[in-house]
Structures are given as structure tokens and as C-alpha cells.
Amino acid sequence: MQDSGVTRSKSDLRARLLDARAHNRQTSAPGEESASEAFRRLLAEHIVRSTPSGATVCAYLPTAGEPPIEPALEEVHASERRILVPVTRPGRLLEWAAWTPAVDVVESRFGIREPVGERYGPEAFVRADLRLIPALAIDLSGFRLGYGGGFYDAALAAVSSGPRPTSNVGVCFADELLEAGSVPTEPHDARLDLVCTERGFTRIGNWP
């Protein structure tokens with residue numbers, strides 16, 4: 001059973017963060033690395049270093065206002081990693097489809113670009129060698145605030161427990177990486193291992 005107070009707190013924080021994204025487009029000063037270039041460099045280097053050729057990476061196609069990670073995905077694809085991105089289904093279910101820079105995509109009712117072609121079940125997320133997780137905010141306890149649909153809550157819950165490899169990488173802007181305890185939590189909320197912003201990586205707690 002959900003705690004109505006926590007749900008309201010999440011909704012309030014979510015509204016503030018969405019408003020901030022709408023009004024504060026990420027720009028770079030002259031001579032400064034753009035957010036797009038920073039995410040490309042950081043994520044591509046990390047994924048290529050952390051996974052073997054032929055590895056499966058579950059990622060996502062960013063919507064307007066989200067961290068611009070598509071150039072990173074293009075580089076990762078060129079490095080012979082297989083990229084899967086989500087396809088939304090009823091019941092807070094995520095299926096997965098292969099993505100390449102040339103694949104045709106259609107827009108879902110949630111405004112998410114989804115590749116056409118073969119679908120893979122939720123187990124593809126569990127079996128992936130590395131996962132990129134979108135977030136509106138992540139706090140230094142590793143808790144993530146999403147968009148309220150519950151899709152990633154269900155997907156992360158299915159990832160087997162035990163020793164935590166750095167395989168769940170949250171992605172947000174630097175000003176959305178918050179102090180520990182800033183994200184309201186419920187018992188089902190999963191923690192992330194690592195966070196990538198345009199300023200670099202932050203490892204959560206003492207996890208390996």
C-alpha cells in the first residue's frame with residue numbers, strides 16, 4: 001500500500017523539477033563543453049570500458065529536456081555493443097527493442113520514441129550487462145525520482161539482488177543530483193549504483 005504523504009511529496013518534487021527543466025535549458029558558455037558532448041564522452045567511455053564487445057546495454061531515447069545521451073548511444077553502438085531501449089506496455093510493463101542510429105521509431109502515447117521491430121520481454125533488462133536509468137533526480141542515497149509511471153520501479157525490482165555490480169547507472173543533470181534523503185522513498189524503491197551527470201560520475205555509498 002502506498003503512503004499518500006510520500007506520494008504527494010514525490011509529486012510536489014516532480015512538479016518542481018519538471019518546471020526547472022522547462023525553464024532552464026542546459027546551455028554551455030563559450031569554450032565550455034556542451035552537455036551533449038559531456039554525456040557522449042563520459043557515458044561512451046564508461047560503457048566501452050565496463051563491457052565487452054557484443055555486450056547488451058539497456059538504455060533509452062531521451063525526450064525533450066532530458067540529458068542528451070543519444071550521441072553517446074551512437075558511439076556505443078559503433079563500438080559493437082547491442083543497445084536495447086524500452087517499449088511501454090499496459091500494466092507498467094517495459095518490453096525492449098533493438099536500437100541503431102538508422103532504425104525507424106514511432107512515438108508512444110507517453111511521448112517516448114520506440115523502435116519498430118522485434119520486441120524482447122522484461123527479462124532482457126534483467127540480463128543486460130549494463131543499464132542506463134532515466135531520472136528527474138537522484139539523491140546521494142541512490143534513490144531515484146522518476147516520472148511517476150512506475151515502469152522503472154517494476155523493472156528494477158526484477159533485477160536480482162545480491163552483490164551489486166556497477167550496472168545500474170542513473171542519468172540526470174548535475175543540479176538534479178541531490179543531498180541524501182532528498183528523494184521521498186517507499187519500500188519498493190530501488191537504489192542505483194552509479195550516477196552520471198554532465199560533470200562526471202558519482203558512486204553511491206560504499207557499493208563496489
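Even glycines carry a Cβ here, placed using N, Cα and C.
No curator has checked TrEMBL annotations; they are predicted automatically.
The region 'Disordered' feature in TrEMBL is assigned to 1-36.
As annotated by TrEMBL, compositional bias 'Basic and acidic residues' applies to 9-22.
Among the features that TrEMBL reports, ATP binding site is placed at K10, S11, D12, L13, R14, R144, L145, G146, Y147, G148, G149, G150, F151, Y152. Secondary structure at F151 (ATP binding site), taken from DSSP and collapsed to helix, strand or coil, is helix.
The Cβ of L61 (substrate binding site) lies under 8 Å from the Cβ of E70, L73, V85, W99, V105, I112, R113, E114, each on the same chain and at least six residues away in sequence. Positions annotated as substrate binding site by TrEMBL: L61, E66.
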Could you give me the DSSP helix, strand and coil counts for the compositional bias 'Basic and acidic residues' (9-22)?
14 helix, 0 strand, 0 coil
For each of Y147, F151, count the other CB atoms within 10 A of its CB; which of these binding-site residues has the top count?
F151
Using DSSP and collapsing to three states, where does E66 (substrate binding site) fall: helix, strand or coil?
coil
Which listed residue (K10, R14) has most other Cβ within 10 Å, given these are binding-site residues:
K10
